[in-house]
Amino acid sequence: MTNANGQRPLRRGPAAAPRVVVAGLASCFGCQLQITNVEAHLVDVLGQIDVRYWQLASSDPMPEEFDVAVVEGAVTTEEAERLVRTLRERARVLVAIGACATTAGIPGMAAAGFIERPRQVYEHVPAACGDMIAPRAVGAVVDVDFEVRSCPIDSLDFVDVLQRALYGSNKAVPTRTMCGDCKRNETECFFGKGTLCLGLVTRAGCGARCVNLGRPCNGCRGLSPDANLESARAACGRYGVPASDFDRALEMFNQTNPVLRGGE
Amino acid sequence: MTRTAIHVDHIARVEGHGNVRVVIEDGIVKTVEMNVVEPARLFESMVRGRRFEEVPYIASRICGICSASHVVTDLLAIERVFGVEPTDRTRALRDLLVYGSYLQNHATHLFVFAAPDFLGMPSVFPLAETDPELFERALALKALGNELCTKVGGRSVHPITAVVGGFTHEIAAGEYRALADKMDEAREFAIRAVDLFRDFPVPAIETAGDMLAMVEEGAYPVAASRRARFLKAGAEFDADEASERIEEHAVPHSAALFARVRETGRPYFTGALARANASWRHLGQNAKVAAAKAGLRPPEGNPFMNNVAQAVELVDALDRCAALCRRLAEPDAFEGASAPVAFEVQAGRATGFTEAPRGALFHEIALDAEGRVEHASILTPTAQNCENLEADMRILAERLVADGAERDDVQLEIEKLVRAYDPCLSCSVH
């Protein structure tokens, strides 16, 4: 499967808008809500596409044919895995939105010790739970063409990525870590106060929103490809933050990242 | 034998994944099931061993739309374990966060999820063409809820600033005043929403079970009280007793645990309608007038009236938020600042309780001496409502069958009932 990389404009003829489906897997639905949260632009956005399926917003059933699949949520069942494969086969472009779909996110926390977990919640696991598998990101099952990161996604970020998916663009996706953003924002570094912050290794792009509001980065955008974990652990040591705390904190949004399991 | 089977796979315009199954044989309603088919989400397992600071962040991911309620409920539980007394200003900001999620939730549910049923549309989007003013004002109300949550919590979904003991950030006085003015401007449309939903025809049915709501003397509480009341039984209890008073139990057709009153085995309803019944006298003046005009007065037992009750709460929330914002803009109106107060980590067990937009929300949490979670039990509104919803679906189906309704009409009315409950099926499985 080739990666579209934004270079294949979705046009089915001059008048036909790209047909879009939105599917939700294991998630809080917050990222789908964030799509509706572009209220001021919602009609403009919807005016460019032909939404064929969106269970959250419409009772129309899922069609056989479409151009773009937007997927929210982590894959946590065999049914979800089949659905993702079907979406990939039918869609020309697949967009994964939110931490759950891009890094397995919070659902991914259950991947460690997955076998014992259902019994910690249910005495007998109900059949309605489906055939459970260890949580994984959409990109761990099929090729993903575009990602909208963060938990939850930023509404305008989604519009931006959708534009790229629809019309193509050369825009490069940032891979740097968050720390540079705080320097530019001139915000005080948490490490100076002996407080752990995951901006050290987390992919930039949100503008360091949490840090700007007085909270350390929790890593929801996932590990940056440029992250140097060994160096980050050493930095923690210099500021009196136990490296074990750093490793524990990374489990929140990066549990299923092979790099954390020594798979570098 | 004539057999009618209604099977709605993946019911639309609700949050989460659920199927409805109704089987009617020779005019007798045999099977009524609300299948919650969410994959197990295992939150109660995932938070085990995590430090208390992380727990509200994790728990808020149970639900995008009531994330603010999950955060506040968790903070209340943790603070009770540690013996933290937040300031009045912090409490006011938490109320604002919860009200912000009311505006978001009720506007989304009423207009995006419920209204298309009554307007004969598959979704809200055709409304953009048929009634652009209604469409725009409905979205504007939802946007105002988002703005409030963003100003107070840092973003519209999954708040950032609310932490144990207080808030890490606050907006400037002028921004509070600007928010208050926007609340005032939105009121007229919210009152129109009450009228709109009053005029939608609904079947006259009486809910099967009891009702549960937070109560407080002289108030319409959303986060300020620890008392819960079963309205019909008249039984009141403290939030710490929730797991004794409410019995969760598994059913094979649902990934959500169902809930019932432990003492009587009765199902119950929780949500806007239960709150309006419990605290009607303490609605604000505008909301009370709108409720009275719409014929919503306690005791109101028709679950379809939950839509009207939510619209009334929109009016109420706007008035309360406007007043709160104006007070927060005054330098000395509240005792204390919102910066987190100092506290010491200690072991213990407690239950946090709020009225989330969809009803009573309990988080029971046990922490060890290092503040790590030993045990967590979360009881969401929808998990509490499922059993009562099934009972009401049966009542409705029997009524419609007796009236000789066609299959498609039975299906549509049942779907409308499910949506009137405003279920969050993803929340119900946690």
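Placed from the backbone N, Cα and C atoms, the Cβ positions cover glycine too.
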Legend entry - Candidate sharing the Mg(2+) site with B:Glu44, B:Ile378 (per TrEMBL), from B:His7, B:His106, B:His109, B:His430: B:His430
Legend entry - Additional site residue, B:Cys386, B:Cys424 [criterion: listed by TrEMBL with B:Cys63, B:Cys66 for Ni(2+)]: B:Cys424
Legend entry - Fewest other C-beta atoms within 10 angstroms, as judged across B:Cys63, B:Cys66, B:Ile378, B:Cys424, B:Cys427, which are the binding-site residues: B:Ile378
Inset, instruction - Given the binding-site residues B:Glu44, B:Ile378, B:Cys427, B:His430, state which is nearest to B:Cys66 (Ni(2+) binding site) when distance is taken between Cα atoms. - result: B:Cys427
Legend entry - Nearest of the binding-site residues (B:Glu44, B:Ile378, B:Cys427) to B:Cys63 (Ni(2+) binding site), judged by Cα-Cα distance: B:Cys427
Inset, instruction - Would you kindly give the Cα-Cα distance separating B:Glu44 (Mg(2+) binding site) and B:Cys424 (Ni(2+) binding site), rounded to the nearest Å? - result: 17
Inset, instruction - Which residue among the binding-site residues B:Glu44, B:His430 has the fewest other Cβ atoms within 10 Å of its Cβ, if you could check? - result: B:Glu44
